[in-house]
There are 2 protein chains.
Amino acid sequence: MVLEALVRYGAFSGSDDQVLGDLTLFVALLCGCIVIGHLLEESQWINLSITALIIGLCTGGIILLTTKGKSSRLLEFDEQLFFIYVIPPIIFNAGFQVKKKHFFRNLGTIMLFGVLGTLISFGIISFGAVELLGKLDTGFLELRDYLAIGAIFSATDSVCTLQVLNQDETPLLYSLVFGEGVVNDATSVVLFNAIQKFDLSNINSRVALSFTGNFLYLFAASTVLGVLVGLLSAYIIKKMYNGRNSTNCDVALMILMAYLSYVMAELFDLSGILTVFLCGIVMSHYTWHNVTDDSKVTTRHAFATMSFIAETFIFLYVGMDALDIEKWRFVSHSPGKSVAVSSVVFALVLVGRACFVIPLSMLSNFWTSKHDKISFKHMVTIWWAGLMRGAVSMALAYNQFMKSGHSQVMGNALMITSTIAIVLFSTMVFGLLTKPLIRYLIPPSQHFNSMSSSEFSFALPLLSGIEDDVPRIRSLTVLLKRPAQAIMYFWSTFDDAFMRRVFGGRESMLDTTRK
Amino acid sequence: MVLEALVRYGAFSGSDDQVLGDLTLFVALLCGCIVIGHLLEESQWINLSITALIIGLCTGGIILLTTKGKSSRLLEFDEQLFFIYVIPPIIFNAGFQVKKKHFFRNLGTIMLFGVLGTLISFGIISFGAVELLGKLDTGFLELRDYLAIGAIFSATDSVCTLQVLNQDETPLLYSLVFGEGVVNDATSVVLFNAIQKFDLSNINSRVALSFTGNFLYLFAASTVLGVLVGLLSAYIIKKMYNGRNSTNCDVALMILMAYLSYVMAELFDLSGILTVFLCGIVMSHYTWHNVTDDSKVTTRHAFATMSFIAETFIFLYVGMDALDIEKWRFVSHSPGKSVAVSSVVFALVLVGRACFVIPLSMLSNFWTSKHDKISFKHMVTIWWAGLMRGAVSMALAYNQFMKSGHSQVMGNALMITSTIAIVLFSTMVFGLLTKPLIRYLIPPSQHFNSMSSSEFSFALPLLSGIEDDVPRIRSLTVLLKRPAQAIMYFWSTFDDAFMRRVFGGRESMLDTTRK
């Protein structure tokens, strides 16, 4: 059906050359971004996202000049297309490359930040939007729109900070920022979907309860689906492998099944982001160990490359799209109002994030071991890491405010331009400040200095198991005192005794140490 | 613009779930094809193309039953989409994985078969179609249509035979069949484009000359573009590489620049197939040697996987499309005519191929050394290898006979259904006979028996240079006697002295032997 659209389009527009020309220029720009981004990588300030944004802005400007103000874009941004093709590789790769040891070790804190934190942030931004934006005469915005604004601006983009943090120097901090980033994406998208589905015209306790139930159902069902598809892939590849070279099959099956998990989740109205993330984790824990050595290298890098291209694509596009003249036409009548809306929303983002990072960090410190306590400097880093707004916010904003093409309406145009302004401002200004700030807060030790800060995910063996540091649980006292670690222990015993025998996986560390 | 189509489509149809459902089912079917194809791989008869075709036919049948005869397809086949997304990875991978040593060694013969042979086949099929189909009352077909039929059915699909041939046992035969296959694709597409562009209503010597000139220009310009983009990628990656880990950048740049060469060629109305094939060869000869070891493994397998998925996609689609009811409606009034047309065209294919394989093989034997002579059994194998018709024929037929949606016209419907019938028949019947026939003609030696016949392209170090077997040219006599090898020698000297110093590449064999 997607393809059919192309046929029809091809039939009634007939300008094949236009399509090809745009595609050519876009691919050439992507190449340019990668080369320039790579050359600038050494610098203290710039990263690939910022490079792509700037190149996008410049190209947009040039197109705007050559088309005499008609258009600034090569390709039209579509939220659906974006969620169908561009987001899945990024999130899947995040799951596939996650350092499971640290991720699961800090799972409690990560979920606290990613779920509860995002909900707090959502609440504060929505409430603030209702209170403050209502007074600004922003045109026709319903309660649903204000709630959507809360969800849109709760979706963080922590890529910038992750590029600066060193996974080996500050493993706790890295895993918290990384883990929160992914869980946060999932939470905000699930929230956004839940908001769109419910009739929010008259809120009562029944609606609120049903909303909460729906949210929890989406979370649980998405998780189960992702894990099941991941396990299925492990089982199939384990059974299929018969000693012969089958790299193509392995890699193709892993890509296709990961994608299958995503589209299935979307089809069942679940959160594809959460599903494909968990599918990635399961695949790296089981499936990855069942394939040939060549497949291991290939999958690791091929998935990272797909994610890399998709991210560059997004920032390049957002840069180009920012100059689209039509969106700014409405706003140009009242530039002051536009600036006010953007400032208010961004202030709400800053406050909303501070309101949950500090209390939740303290809460987390309360129950974790001394080794895993979050220092004040780390709290500031976590707060900062989640201030940037990126692709997910952009996509959700398009979905909410441009869906039926009514960017003509004042309120919608205002919200789209404010989103663009906040994404550009936070990514560029805050992005540029990130490196110096983090270097100031957490001075790098000499030892690790020589290590490349980009390509962080490949720095050290990343697909290690989760049980390396699981303590020996010998008494009931320990179990009661540290429930999280006890669960970890029981899980890893079960993993060894059953899961890995059925689905394959790395030779167990416990087995080795037990001998 | 492609994306814009999706937006618009999304806007006026609004059935996101339909898109997702189709996509989910299609991805699931692709997974199924790969698993079943892998399981059946051991068999003497079946290969992945046939598996995908059969699964496609079965799914088409089921959809036809469930929709009560309305549709048999999940996704609408579009020739443009097909050429923009599906063909490039297949052809690029063919260029990238080609055993350059054998390919260049037999370049003369390959070009003879691929260019002259395809032209002869085109001439015979076109002439036969004018003479024979004209008498069958096939509805309104112009001269242009008959010429297009010639080009459509000159495009061979030798994948089936290549899966059976062993690259190490019969290197000459393998490289001839493989090389002819690719050059043939390029030639038939260039021919097809040339036919569509020219006003053929009144042919005179001026039009014929201009047609020939255009054909040669397309060939030369496409070659130059592919080589230039390939060299540019080698140069950029060589300059960029500064000892740090940059696998993502390397792989992303190679993929994007290969694709860039393709879309640029299409944009300039050249042959993208030829361009991207040459870009693949140049990239494997220069660029591939400039990247990290991980990138080498990743690119080799990632490109093969993309090609693998694309091929499976095509056959699955053609299988499903074959049952599309609308196309058969017209033909059902006169089934005899449809069978007659298909039989006549396929007979022309058989004759047309025989008419050039045998004479050109003899011609080639006339000038090549004793070692490279083509035996009669090999001639039969080459003839057989080019009898199957596949994806390219299908795509060209759609382009010619369904472009403005007028499959309602008798002649057009007849030609589409005949193409489907010939593709199905040749791929399934001839495909199934291929393995026994080749095994009978060229009995495999015991020595190689254990080797997997699939994944042929990874069997042995495949990215070796071309100069290993270049004879030392010490006297003018040798040079005059064997001009092809002399050119080879001068080229490899130039390659060592200049090209590899600038663009990178494998340590020269000549350098080593000279020491």
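Quick reminder: no glycine exception, Cβ is built from N, Cα and C everywhere.
According to TrEMBL:
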{"type": "TRANSMEM", "residues": "A:20-40", "note": "transmembrane segment"}
{"type": "DOMAIN", "residues": "A:27-438", "note": "domain 'Cation/H+ exchanger transmembrane'"}
{"type": "TRANSMEM", "residues": "A:45-65", "note": "transmembrane segment"}
{"type": "TRANSMEM", "residues": "A:80-98", "note": "transmembrane segment"}
{"type": "TRANSMEM", "residues": "A:110-134", "note": "transmembrane segment"}
{"type": "TRANSMEM", "residues": "A:172-195", "note": "transmembrane segment"}
{"type": "TRANSMEM", "residues": "A:215-237", "note": "transmembrane segment"}
{"type": "TRANSMEM", "residues": "A:271-289", "note": "transmembrane segment"}
{"type": "TRANSMEM", "residues": "A:301-320", "note": "transmembrane segment"}
{"type": "TRANSMEM", "residues": "A:340-360", "note": "transmembrane segment"}
{"type": "TRANSMEM", "residues": "A:381-401", "note": "transmembrane segment"}
{"type": "TRANSMEM", "residues": "A:413-433", "note": "transmembrane segment"}
Taking the transmembrane segment (A:20-40) as reference, which of A:172-195, A:271-289, A:301-320 has the most Cβ pairs under 8 angstroms?
A:301-320
Could you tell me whether the transmembrane segment (A:110-134) and the transmembrane segment (A:340-360) are in contact, taking contact to mean 3+ Cβ pairs under 8 Å with a sequence separation of 6 or more?
yes
Of the stretches A:45-65, A:172-195, A:301-320, A:413-433, which racks up the most C-beta pairs under 8 Å with the transmembrane segment (A:80-98)?
A:301-320
Contact between the transmembrane segment (A:301-320) and the transmembrane segment (A:45-65) (3 or more Cβ pairs under 8 Å, separation 6+):
yes
Considering pairs 6 or more residues apart, do the transmembrane segment (A:45-65) and the transmembrane segment (A:413-433) have at least three CB pairs under 8 Å?
yes
Result, the transmembrane segment (A:172-195) in contact with the transmembrane segment (A:271-289) (3+ CB pairs under 8 Å):
yes
What residues elsewhere in the chain lie close to the transmembrane segment (A:413-433), defined as a C-beta under 8 angstroms and at least 6 residues from its ends?
45-47, 49-50, 53-54, 138-139, 141, 145, 149, 152-153, 157, 160, 315, 318-319, 321-322, 327-331, 337-338, 341-342, 345-346, 349, 384, 387-390, 393-394, 397-398, 400-402, 407
